Amino acid sequence: MTEEAEVGVDPSPTSEPEQQAPHFLQDVIFHGKFKLLKALTPEENTHCQHGLYFEDGERRVDYVLTYPLKKPSGGRSTRQSSHLLIENAVARSLRRGPHSRDEHHRKHQAQKAKDSLSPPSPPGADVELGCPGETLGGQEDHKMFTREKFEAKLRDMGLELEKDEDTKIQGVGFVKIHAPWNVLCREAELMKLKMPTKKMFEIKESSGVMEKINTLVSKVLEPLHPHVEERRHRHIKHLSHTFSREKQHLFDLSDKDYFFDSKTRSSIVFEILKRTKCKAKYNMGITSLLGSGVYTAAYPLHDGDINEESAEPNDRKLLYEEWANYSVFYKYQPIGLVRKYFGEKIGLYFAWLGLYTQMLIPASLVGVIVFLYGCATVDDNIPSMEICHPKNNITMCPLCDRVCSYWKLSTACGTARASHLFDNPATVFFSIFMALWAAMFMEHWKRRQMRLNYEWDLTGFEDEESPSQDHPRAEYEFRVMQKSLSKDQKLQHKTEKLSCRDRLPAYMTNIVMMLLMIGVTFAIVFGVILYRISTKAALHMSSNPITRNHVQLTVKTTAAIINLVVILILDEVYGAVARWLTVLEVPKTDKSFEERLIFKTFILKFVNAFSPIIYIAFFRGRLVGRPGSYLYVFESYRMEECAHGGCLMELCIQLSITMLGKQLIQNNLFEIGVPKLKKLIRYIQSKQVAFQEEERQKKLQRYETDHFLEPFAGLTPEYMEMIIQFGFVTLFVASFPLAPLFALLNNIIEIRLDAKKFVTELRRPVAARAKDIGIWYNILRGVAKVAVIINAFVISFTSDFIPRMVYQYMYSPDGSMHGFVNHTLSYFNVSHFQEGKETLDPLHLGYPVEICRYKDYREPPWSATPYEISKEFWAVLAVRLAFVIVFQNVVMLMSDIVDWLIPDIPKDISLQIHKEKILLIDLFMKEEQVKLQFRENRLSTAAKENCSKSNNNNNSTTAHPRSRLHTDSTKSL
């Protein structure tokens, strides 16, 4: 929720800085230079370590808020300036001790009281939304008042603030936030953060045969590991425990400034910002203030520069050198450092992506072997030899009405040979292998996830423990507020919430819109079908013989490209529609919002990407009819048929173009080419002043530089790319064995591309804790299960594998494949064509044709039941269905066996977790013993003191009577 607000601040046309704002944004976008920046002195260039610290140079900036600055007018300007001076005075005095701090606090309260004497806001005006009839200046005053109120409550929460309105960026003010030690301790205890204790232990590896092999493999693969600090101390681990202020003595607090790293500090501040209420009951925290334009952005800072040679060593620079660099594409990712800098959620994504890429290596090798097998056996394929034989004189029926003529089966030789590359017995084996591969990938990821949970101290963490999961979203709070205001005043004391009845219109809208979007996808697929039919007929009418000879290839390729373009466009449209529908539902929490958005986006994009492929695989050529009784659409468009080699070749073309196009254009070209193009335009347009602008840019503070970076929009787009790719790799892999290879090549680039984007182009995200990848794992499992069923149907119904097996073992006279082509072709008497549907050129082959052939299992015209479905059709259909059932159950049984054989938790991790529990118990027992011994020492010391006091009291008691007697006797005398 640290992104820039979608609802911007309305610009005022009266102020001069606002008129310059569009030109400034244009310079930033197209020139990449900050032409309106003020000149800086050399002293300011090194001031406060480039904006990472407050003005005192000691308090670190943990979070930054930005807000729009307008040209002040009237008395408000004086109040704002004086208020700013007091803010800076308070910030400078925070380290002078409590007395000075209280003095400045009293000054600050006096100034606020003076401000309160100014005319108040109109009654009933909402500081968030403003009044319908108020001016823009009034809205800005309300936003300024809201900011002051919110910042005052942040100070009440213990945060320290420092404003900077005299920046090099005109029209933008910055609020720097620092969390002191007591606030960090309090929030760490509330968030149940696990922190390392003083206790350290060594992770010992057992001395078995497998461990020795693993050690040898690790030494061989040592050059592939990145050069980061975490590799040196991987055998030593701190014992971690949930932080508690009462048990601070257990933790190593020798350096309090670095006990909580920058990732943890920013996440703590973000939690405070989210739950700090600007109003008494509603308007929950920073999210609503961003949405209403009170603040324009909220983000933590990157910890340093990456390009400057003189820059101090920092994690960001190390990530840039060892991770976000194309020259290290062959190395493993520094996942521990990624987690340390970006948090567990982003670390899990890149760990999952890395494991997925590694698992693609064996799948790619097997796919290449299957493809090479098809290439090696294409000349030995008997059906292809029969089709390509020069003496083959089988005359085929026209492929379209009127303009198409009869043709020889031998002209389909090229298509038949190409189909064998993917339609051969090895594809069945490859489909089984990929189903088991998917199951092994899921199991390996669970083991990898558990290992990371142990290394990152998340073994006992649950999502419900994160406070951010319970925070209601600003939109939800606003809807609840509207509902409560509409109720009777007597019911105001009751706690309101949105019920299913309140959300019913949104649910109905979701259902209707989802069905409508899916219907649009099907309509576009149908439109491409009409394009293929009409284009095929038009090309057959061409006078160019080359065009007529390549009709099939031209139509298939162009239709696949059209499908790709439509898919790319609809992907963007469906993403926006899914977000709009999710906003209508008004989910209560961010987690619920994200899960609903992911589900809708996945459904729409999955249907969009795979609808053309599913049509070709399972429907094309099934609803054609037969010569003399074809099926027509709109009474003029005859449904298209598959080529003689089957639809598998066209399925391969469609799948390859869609997959490669999405990866090349959507995933890589948009992410690489567009920034490069913008950089080129900036260089060309600002070539004359490049040097001076670069010098000025270097003098920006860290929070000013990060302001121009893109806000982090979440991991949903990144996951969605990989999930769709996973579908391409597993769902129709029987028709395209090279899919894993192209996915591997894409992911090698994608990892470094995403890494560079996170390190250099995006603002630093707020670290989010997570122990798994959430709903994405369930989607992956669902895709893997569906892949088994789809591949079974592709092998059974789309390819010719089952018809070949049936012919060889049931109808072949010698048990070979000789005569298979003739067995699959039926006869048709050309005199039975419908009137007006016969060919215009019956002598195209040079002789009149009486009988033509077509691919189907039907009775000949001279039989008692002409053109009826033959018994061979039912035999093939029965075997196809039996194959689907057997294949599906066998493969799923094997997947379950793999799931059972591979434990979810590695054995060494379970042993280490048990060892940590024992060490933690020992640590607490020693602590209790120390406490008990301390108490006993205090009791014994107290007892000795009591004994000494009682002895003294006894002595004084015996001495007092004597003195009284002496006194009495003296008085009597």
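Cβ coordinates are placed from backbone N, Cα and C, and glycine is handled just like the others.
Pulled from TrEMBL, these are the features on record:
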| type | residues | note |
| --- | --- | --- |
| REGION | 1-20 | region 'Disordered' |
| DOMAIN | 53-335 | domain 'Anoctamin dimerisation' |
| REGION | 93-141 | region 'Disordered' |
| COMPBIAS | 93-111 | compositional bias 'Basic residues' |
| DOMAIN | 338-916 | domain 'Anoctamin transmembrane' |
| TRANSMEM | 349-373 | transmembrane segment |
| TRANSMEM | 426-442 | transmembrane segment |
| TRANSMEM | 511-533 | transmembrane segment |
| TRANSMEM | 553-577 | transmembrane segment |
| TRANSMEM | 597-618 | transmembrane segment |
| TRANSMEM | 722-745 | transmembrane segment |
| TRANSMEM | 779-802 | transmembrane segment |
| REGION | 943-973 | region 'Disordered' |
Contact set, same chain, for the transmembrane segment (597-618): CB under 8 Å, 6 or more residues outside the stretch: 510, 514, 517-518, 521-522, 525, 528-529, 560, 563, 567, 570-571, 574-575, 577-579, 581-582, 647, 650-651, 654-655, 658, 662, 716, 719-720, 723-724, 727, 731-732, 735, 775-776, 779, 790, 793-794, 797-798
Distal contacts, the transmembrane segment (349-373) - CB-CB under 8 A, six or more residues away: 332-333, 335, 338, 421-422, 424, 426-427, 429-430, 433-434, 437, 440-441, 444-445, 448-449, 452, 715, 718-719, 722, 726, 729, 733, 737-741, 743-744, 747-748, 750-751, 754-755, 773
Range from 553-577, 722-745, 779-802 with the greatest count of C-beta pairs under 8 A to the transmembrane segment (426-442): 779-802
Stretch-averaged pLDDT - the domain 'Anoctamin dimerisation' (53-335): 74
